[in-house]
Amino acid sequence: MPEQFAVPRSVEWEETSVKILNQQKLPEKTEYLHLTTKEDIYDAIQTLKVRGAPAIGITAAFGLALCAQSIDTSDVSAFLRELRKIKDELNQARPTAVNLSWALNRLLKSAEGAKSVNEAKTNLVHEAIQIQVEDEETCRQIGQNALHLFKSGDSIMTICNAGSIATSRYGTALSPFYLAKTKDLDLHIYACETRPVLQGARLTAWELMQGGIDVTLITDSMAAHTMKEKNISAVIVGADRIARNGDTANKIGTFGLAILAKAFQIPFFIAAPLSTFDVSISCGDDIPIEERDPDEVRRINGTQIAPQEVPVFNPAFDITPHDLISGIITEKGIITDRFEEEIEALFSAEALT
């Protein structure tokens with residue numbers, strides 16, 4: 001990790017708690033929370049105190065491992081029954097990001113082969129830590145695979161926050177910018193503010209400035225004008241779930257950016273780990289879209305900006321069809337054509353390793 005990488009970790013394991021960076025308080029305040037109960041973990045995920053698909057998965061994994069330590073039985077079958085109940089409850093915290101269920105299922109599997117409750121509890125902690133370790137290397141590799149897509153002097157647009165604080169380290173869509181800095185590649189990022197929760201303004205702008213990365217903030221409605229006037233060379237975003245055909249769920253506004261990128265003949269890239277793919281679903285129509293509190297739209301930082309009685313449609317995500325995507329950057333390489341065939345081949349190869 002380069003010395004100038006000053007972005008704090010979003011999630012850390014402690015023996016008696018899960019320590020998270022409270023992303024709801026950024027950028028005004030750097031606050032850490034110590035989560036000690038199932039309810040704490042659920043609330044942190046649901047209320048966006050921790051967010052970003054990989055970070056959600058890591059937090060849930062740590063949370064399940066932590067809650068397991070309090071299951072008071074020496075019977076393995078009884079332990080696993082209680083563990084499954086906790087897993088199912090945590091899995092309801094947010095419906096769109098597939099990393100949540102992926103991490104919880106992986107942890108459950110690590111416990112199911114144990115011969116004793118103590119062994120199961122130990123396995124859960126080790127597996128959760130391993131998920132975090134793997135995610136950091138995965139994100140670094142995603143950035144490495146993306147680097148050749150950009151050249152020094154390029155201006156690149158992003159939305160939401162697919163950065164270091166959305167993962168264990170580096171990020172997905174923002175990973176190449178951290179790596180570019182270590183290689184003296186001059187890249188400039190235009191970050192869309194990302195209404196209504198302002199992850200681009202509050203989080204991406206903050207973390208890139210923490211990391212010494214050249215960033216300019218724009219409102220979402222400025223994207224088309226910025227593409228034209230600032231010679232944007234590419235758009236890169238993260239993902240919360242990717243279907244078998246390459247259709248991608250990501251933060252609301254992503255679909256619009258993809259349409260604009262096509263209009264300006266700008267490449268549009270998704271950056272995501274294999275854990276974000278859901279090969280059990282055929283297309284984006286099968287991805288559940290979370291709808292959030294209407295007051296997220298009616299208010300900004302607690303200040304009323306719209307009539308309290310006005311009806312609000314507030315989907316947290318949208319679906320970008322695969323035919324608008326130039327490439328999906330993963331830790332195993334870049335998928336650029338025949339998405340369904342390449343995704344199927346990639347997961348078939350993974351199953352053999």
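Even glycines carry a Cβ here, placed using N, Cα and C.
With Arg51, Gly52, Ala53, Gln199, Asn250, Lys251 listed by Swiss-Prot as binding substrate, the candidate from Arg81, Arg84, Arg94, Arg169 annotated for that site turns out to be Arg94. In this entry, Arg51, Gly52, Ala53, Arg94, Gln199, Asn250, Lys251 make up the residues listed for substrate, with the farthest two CA atoms of the set 17 Å from each other.
Taking the C-alpha positions, the distance from Ala53 (substrate binding site) to Asp240 (active site, proton donor) comes to 5 Å. Within 10 Å of the C-beta atom of Gly52 (substrate binding site) sit 31 other C-beta atoms, taking all shown protein chains into account.
Lys251 (substrate binding site) carries a strand DSSP state (E or B).
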